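Scroll down for the structure; my scribbles are underneath it.
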């Protein structure tokens, strides 16, 4: 049998030796810092969402409900969410897009297990299986991620903006986005795929801008000033604008569809478009070995599968409303307990199907 090329043999050895082996660590320590920062940030985001949900549950149980923004617990969750997003932003300055974006599956895993600990939700076999698949996929992503040692200076960002592969990519994105927007606005097509595809197309521009801004800030902190270049502010405006419209369409999707459907589909679309944008704009897989690319894609597939398994058939939990013991109802033979319908306008009363019952009420 033939031998593998040197680059593929090194990637295969890294898989068996582990990411903390000394040759691997010395080569990838910068992007490993970005991965750890992204993982910690996504875990912090999971905690923040759990804290906010606890705040909403506490407010709902009060006899006189107050606005959520008056809760100190809710504001703690918002602060943790902000810290997590800042950490994610910083991670793009140390690691490639193709590595930071898929690590977002940790927030899904964290939310599933933190909800069991703090919100007393039931641990399902699907959560354990999905978490195992996602962790295995993340390990492959870290081990076989592309190594991009070049410094991302402002001049390099300028050159990439006018390169023909990126121009073709942007034109195709604009055409696809305009078609989807036409169906969304004029034809009132609000299918979940249409909404989340528009989110993903905007997100691909967001991650390009985020990495450029974060990298230029990182270099400036190290003493290589990049903030005087106009391209820094161009990417900053692109980042802010794409984020605003991205949040708009994502909120529309979460309003129309359940989170159990939005979360996995959005994660897959976002990660796929982020990896494609990183490959085209930053040439992140330009010198990668074939084995590394295959194992990286296999790690992405495991992460996608893990997120879908966790979100599959997961019901939204509501507050437990106690049964009301009505005792003997005059004019009725039925005695027992009646569960009020929290979604109806006659919450806490009997159904209005019987006129005699309505009169008694």
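Any Cβ shown, glycine's included, is placed from N, Cα and C.
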- When you get a sec, could you say which of 5-27, 97-119 is annotated transmembrane segment by TrEMBL? 97-119
- Message: Tell me whether the transmembrane segment (262-282) sits in contact with the transmembrane segment (191-219), defined here as at least 3 Cβ pairs under 8 Å among residues 6 or more apart in sequence.
- Response: yes
- Could you tell me what the rest of the chain brings near the transmembrane segment (72-91), counting residues at least six beyond its ends with Cβ under 8 Å? 34-35, 37-38, 40-45, 47-52, 54-56, 58, 100, 210, 214, 218
- Item | When counting Cβ pairs under 8 Å to the transmembrane segment (191-219), the leader among 97-119, 126-146, 231-250 | 231-250
- Message: Should anything in the same chain at least six residues away from the transmembrane segment (288-311) have a Cβ under 8 Å from its Cβ atoms, list it; otherwise answer none.
- Response: 4-5, 7-8, 10-12, 15, 98, 102, 105, 108-109, 112, 126-127, 129-141, 143-146, 260-261, 263-264, 267-268, 271, 275
- Message: Which residues of the chain, 6 or more past the ends of the transmembrane segment (97-119), have a CB below 8 A from one of its CBs?
- Response: 31, 34-35, 38-39, 42-43, 45-47, 49-50, 53-54, 57, 88, 91, 127, 130-131, 134-135, 137-138, 141-142, 145-146, 207-208, 211, 263-264, 267, 270-271, 274-275, 277-279, 282, 284-285, 296, 299-300, 303, 306-307, 310-311, 317
